[in-house]
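> Please read through the structure below; I'll follow up with questions.
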Ligand code: DMJ
């Protein structure tokens, strides 16, 4: 089996890995993925021909229009058949709201709050695509018809990233004096979206009360607060990735409450990390602080926790956020990363990030999940582009095999463990960010491939449907709101070379739901600094907690922190044929 089964240090890998490193031509080691996935030997010329040549401008425009058409088809059908309900059932052309008949149906009820979720979540995609008339119409509809005074019990995290984040993003677009996307102003706009965001956040606040650790309850009822029979267990990402939206809201309103509770949650989780490994688990009890789920990985349960440590720093400039991120990144390199030290050189299997026990660092299982595919995008933001290239290629290899990403893929069995694909954006997100960092046309080919398989396997009568089974390609009657807010947006941006998001002087960052927020000095002003003094290096029992030394990786400066990577700071080594060969070995099926 691959050396990924071995603990770090016993395989061909060094721990900790030194990052980032540059490849030297001609030293590819044996690639396990190559034979796992059926790779064939090909001469370098073929790679040059296939990927390194320019992606013709007409083809790029065609793909941009295809991505736009995909969004429009999904959006128009939602508006025609589902609005004001939360989601579109694209096969039967109907709307879907919360499952009132079965409160335990969390897959639905955590997300659908009876607040026109898909419309709200799609607002800034309309702006990014330059559709000012529909953006203005949609904003007015939201203002006039959406209310949060609903007897809906929703997940705090989902309501925050999908609804609160979108309202704040749209508010900023409307009030931006530069209007880079065309005229997105609203006549007589009186900060209504900001007030709606405030109203929603106030309804979420009960989740942060009566918790002994400061870690919030996972769910609240928007009318009545935390339900009496509520669960005391939450996943780390759910409780610890609220700071971007809550911080923006606080800073726009000049009210520290929201940022304070979100930051307290992050710190409480951080203080519960393992003293030995520096890792966090995936599920914690909010009253006792005990880890219920001890699995540490980059996917479900933890993904956006890491993402928001870095993005909070980018947005608010608080050093402690960067320090936490750097320490977390180092622990990830030490305990989760398996395989050879460098992506593109040396002996041993290519690198992979596995799931381990947070206390021992021992491997817990042999699957990775599709949510983890966001991680190369995060690595681009910190400049670890080479490692990002490798991890992205692994996920693309899986996509090539199934025309989608199975929710879980077992790398030991070389088969999916969980077979559905709900139109998730993570691989497209990383593809877009890697393209911005390298400008290598390989990523346009990847995007085209993804677009074409979405068209082929998921397009149905009234929209795009969840793949129930990535092998037999059967579908389910559900189109999640992130398909319009993220998947379509990243695909469009990948091919829209001149989009203001990566062209204008304004710097944008994406929230974890793909909502754009501009990074500006205004958000770094902090009138309530004294409330946020360091709570010290102590755990809850007063014992001092070991803090790993912050990793050397530095966010280069505020302008390269954004998703728009300026020309002069792009990865200086474009993908050469050596990369292509490597990627081909991994992908195998190209
Ligand atoms: C989205 O809601 C967000 O990207 C979140 O961070 C993770 N899951 C979905 C998309 O897969």
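Each residue, glycine too, has its Cβ placed from N, Cα and C.
Not my notes, these are from TrEMBL:
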REGION    1-27  region 'Disordered'
ACT_SITE  158  active site, proton donor
ACT_SITE  303  active site
ACT_SITE  407  active site, proton donor
ACT_SITE  426  active site
BINDING   512  Ca(2+) binding site
> Using a 10 Å cut-off, grab the number of neighbouring Cβ atoms around the Cβ of the residue listed as 'Ca(2+) binding site', all chains included.
24
> Please check each of the recorded positions 158, 407, 512 and report the ones with a CB atom less than 6 Å from an atom of ligand 1, ordered along the sequence.
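If the test is a Cβ under 6 Å from any atom of ligand 1, the answer is 512.
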> In whole Å, note down how far the CA of residue 512 (Ca(2+) binding site) lies from the CA of residue 407 (active site, proton donor).
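With distance taken Cα to Cα, residue 512 (Ca(2+) binding site) is 18 Å from residue 407 (active site, proton donor).
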> Take the Cβ of residue 407 (active site, proton donor) and count every other Cβ within 10 Å, whichever protein chain it belongs to.
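For residue 407 (active site, proton donor), the count of other Cβ atoms within 10 Å is 21.
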> For residue 426 (active site), which residues in the same chain are close in space, meaning a Cβ under 8 Å from its Cβ, but six or more apart along the sequence?
370, 371, 372, 373, 374, 377, 395, 405
> Once near-sequence residues are set aside, which residues in the chain of residue 158 (active site, proton donor), 6 or more away, have Cβ atoms under 8 Å from its Cβ?
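110, 111 - these are the non-local Cβ neighbours of residue 158 (active site, proton donor), listed in sequence order.
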> Return the residues near residue 303 (active site), defined as same-chain residues 6+ apart in sequence whose C-beta is under 8 angstroms from its C-beta, sorted by sequence, else 'none'.
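For residue 303 (active site), the qualifying residues are 237, 371, 372, 374, 375, 512.
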